[in-house]
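A.B. asks: So TrEMBL lists the following for this protein:
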type	residues	note
BINDING	His36, Leu38, Gly63, Glu84, Asp112, Asn127	S-adenosyl-L-methionine binding site
COMPBIAS	1-13	compositional bias 'Basic residues'
COMPBIAS	14-26	compositional bias 'Low complexity'
COMPBIAS	291-304	compositional bias 'Acidic residues'
DOMAIN	43-212	domain 'Ribosomal RNA adenine methylase transferase N-terminal'
REGION	1-31	region 'Disordered'
REGION	291-310	region 'Disordered'
Amino acid sequence: MAGGKIRKEKPHHGAAAPANPHHQGGIPFHKSKGQHILKNPLLVDSIIQKSGIKSTDVILEIGPGTGNLTKKLLEAGKCVIAVELDPRMVLELQRRFQGTPHSNRLKVIQGDVLKCDLPYFDICVANIPYQISSPLTFKLLNHKPVFRCAVIMFQREFAMRLIAQPGDTLYCRLSVNTQLLARVSHLLKVGRNNFRPPPKVDSSVVRIEPRKPPPVVKFKEWDGLVRICFNRKNKTLGSIFRQKSVLSVLEKNYKTLQALQLSQMESSMDADTTVDVSVLGDTLDDLSLDVEEEDEEDMEMEDGDDKKGSEFKEKVLSVLKKGVFEDKRSSKLQQADFTNLLSKFNEAGIHFS
């Protein structure tokens, strides 16, 4: 079920309350749960076709609602595991498929998909509540064993951010982190009138294929770097890494790691390669490495601020200069550029977690 907003109709005084157009099978849809039912059967068929479902596939569906997509998934694959938060929808699903040939191939899990332990699945096909788009994407990409692909309906702007390339207006931290872990492609644009009730925004169907094997990267370090770089993505890296707040965070990390034994540091850093990748989907306020945006006049540390601070600033800038990154902008950097930059910082003893 896609996210959006439902307008509640008020009954007129002295008259019978009008039938709610946002009911299906007597069930009113809840705005808080992002319940927007995909009603266009041709669009459902197109999603099934583009998903490339095999007859042997275990399919994960998130937010099945009243089961319009579920029915087609059951016809295409081996079985469907449907995760649904709303107990009313769970009952509707059970009623709909009870006594049909599909009933023993449908398993319904009632609960919050972000809190559930997901079972094994080959492919995920879903029309999700849009408010969980980012955490759900990274929860799926963190799932083991790795699934073949996910075909998911997102709000259109979110989908465009997922697939954005360096230089695109919507290229951002979400783009970089998602594409680190998966190949992402756009399949379909979906107008709002394909839903009952229609949301306020258009949607897009996106295909996400996890990279196999997954990248060998320290995810907290990676996200710490990318987060800083996209704090002001159209500024040069030289300007970003001259910010007092950025230098303060990096210098604190540097001094902490310098105080540890080398063996302890290596052990700690190596462990980060297996860190839960869902950290990449955290909101901008969640991690301690966030840096506050400052006024333009106070943004950069002057060379004479203090001797030790100035020395560390030169250490940071020397990494950028050696890698020819000082005049580059985050909005134009490729995945390989971020990998290279992180490696050069780490070689200089500068870390982001």
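Placement of Cβ uses the backbone N, Cα and C atoms for every residue, glycine included.
Because TrEMBL annotations are produced automatically, they should be read as predictions rather than curated entries.
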A.B. asks: Let me spell it out: for each of the binding-site residues (Glu84, Asp112), count the other Cβ atoms within 10 Å of that residue's Cβ, using every protein chain shown. Which one has the most?
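C.D. replies: Selected residue: Glu84.
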A.B. asks: Can you give me the average pLDDT across the domain 'Ribosomal RNA adenine methylase transferase N-terminal' (43-212), rounded to a whole number?
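C.D. replies: The predicted confidence over the domain 'Ribosomal RNA adenine methylase transferase N-terminal' (43-212), as a mean pLDDT, is 95.
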A.B. asks: What is the biggest Cα to Cα gap, in Å, among His36, Leu38, Gly63, Glu84, Asp112, Asn127, the residues listed as binding S-adenosyl-L-methionine?
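C.D. replies: 20 Å is the greatest Cα spacing among the residues binding S-adenosyl-L-methionine.
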A.B. asks: How many other Cβ atoms are found within 10 Å of the Cβ atom of Leu38 (S-adenosyl-L-methionine binding site), counting all protein chains shown?
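C.D. replies: Taking all protein chains shown, Leu38 (S-adenosyl-L-methionine binding site) has 21 Cβ neighbours within 10 Å.
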